[in-house]
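Step one of this worksheet: look at the structure below.
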Amino acid sequence: MIEIRYHDAEGFFMHDVRPVELREAEVRMIDQRQLPEKLVYVDAKDARETAEAIRAMVVRGAPAIALAGAFGFYLEASRHISESADKLEEVLVKAHALLLASRPTAVNLSFALTRMMNTFHTLALREVRVDEIVRGLRAEALALQAEDEVACRQIGEHLLTLYEEGMGVLTHCNTGGLATSRYGTALAGFYLAKERGMALRVYADETRPYLQGSRLTAWELQQAGVDVTVICDNMAAAVMAQGLARAVVVGADRIAANGDTANKIGTMGLAILARHFGIPFYVAAPVSTIDPRTPTGAEIPIETRPEDELTVIRGARIAPVGVAAYNPAFDVTPSDLITAIITEIGIYRAPYAFSH
Ligand SMILES: CSC[C@H]1O[C@H](OP(=O)(O)O)[C@H](O)[C@@H]1O
């Protein structure tokens with residue numbers, strides 16, 4: 001991976017860009033580790049570099065890593081365009097495994113890679129030339145991006161039906177343009193409200209330990225002119241108790257068949273608080289985040305990330321060297337605490353029973 005460009009992040013509007021973009025021979029990603037101070041892009045040229053970018057959270061967010069995975073899969077194919085179909089299949093099986101292993105919880109990545117591999121097999125069975133297979137894979141990857149963009153807008157439209165003028169809404173982590181193809185999922189409602197002149201107040205949990213809320217959500221919404229206030233994660237209860245937030249909306253990384261939802265660590269606590277304070281708790285996600293093959297939240301693999309992501313912040317140590325740190329990246333919210341699951345095809349309410 002190479003850093004290719006830098007400029008001040010001020011005045012940069014996420015509506016106009018994509019966090020992950022397929023170019024001719026590389027996938028270009030905003031390096032989200034360096035926001036909000038620096039806007040830096042990195043390029044990855046093959047499956048290995050793309051998998052590393054996903055693992056290192058250069059690009060993050062369930063839909064965005066799915067697109068990065070699909071782009072990396074295509075790039076790998078394009079580097080073997082002069083080989084036989086059998087050799088290409090051998091290469092793509094390895095690329096699929098490498099990309100899939102980069103982060104285990106978000107099912108969108110698995111869904112996108114399965115789409116790409118199925119596209120390969122469909123074209124290979126027709127015995128088309130390898131260069132035509134590679135072109136077909138590029139088209140499928142870009143189709144995934146276009147589908148996600150439409151889905152995000154539709155999720156935003158459905159979210160708007162749940163909001164009232166002037167209300168405060170609390171959100172967790174980053175589920176905006178940086179986490180998707182564009183617009184976001186949970187944040188899409190705030191962008192659309194802004195476009196339509198509807199005033200909403202957003203309370204963004206900083207979202208320890210990786211700070212996606214204070215670093216990314218606050219940056220995105222501020223650039224878009226949305227009223228956003230950063231709070232520490234431990235302030236959520238007070239914000240609800242004071243009536244400042246009258247709803248909670250979050251994203252998702254995997255929704256099980258019964259509606260149990262894996263999302264950024266800290267989400268389950270918000271759902272429990274929302275139930276206690278009698279406010280709605282919404283999950284916003286494209287249907288590509290729903291995994292009917294996973295029966296309940298107990299079967300969702302939860303990624304554990306490096307301890308120093310918790311004990312060191314921007315190079316400053318905040319815990320003694322050698323102390324143990326437990327750093328699960330996600331938790332699972334039981335479906336009975338979820339008021340509604342908002343997707344691009346509609347709003348689902350409990351009891352949830354998702355099937356193929
Ligand atoms: C649009 S959903 C994004 C989803 O992904 C985030 O996790 P991470 O930043 O570790 O990729 C978080 O769980 C968000 O809800």
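Using the three backbone atoms N, Cα and C, a Cβ is placed for every residue, glycine included.
No curator has checked TrEMBL annotations; they are predicted automatically.
The substrate site recorded in TrEMBL includes Arg60, Gly61, Ala62, Arg103, Asn263, Lys264, and the single candidate from Gln154, Gln212 that the record places there is Gln212. Among the residues the record lists as binding substrate, namely Arg60, Gly61, Ala62, Arg103, Gln212, Asn263, Lys264, the two farthest apart have Cα atoms separated by 17 Å. Neighbours of the substrate site: apart from Arg60, Gly61, Ala62, Arg103, Gln212, Asn263, Lys264, residues of the same chain with C-beta atoms within 8 angstroms of the site's C-beta centroid are Ile65, Ala106, Cys173, Asn174, Thr175, Ala179, Gly251, Asp253, Ala329, Phe330.
For ligand 1, the binding-site residues lying close by, meaning a CB under 6 A from one of its atoms, are Arg60, Ala62, Asn263; the full candidate list was Arg60, Ala62, Arg103, Asn263. Gln212 (substrate binding site) carries a helical DSSP state (H, G or I).
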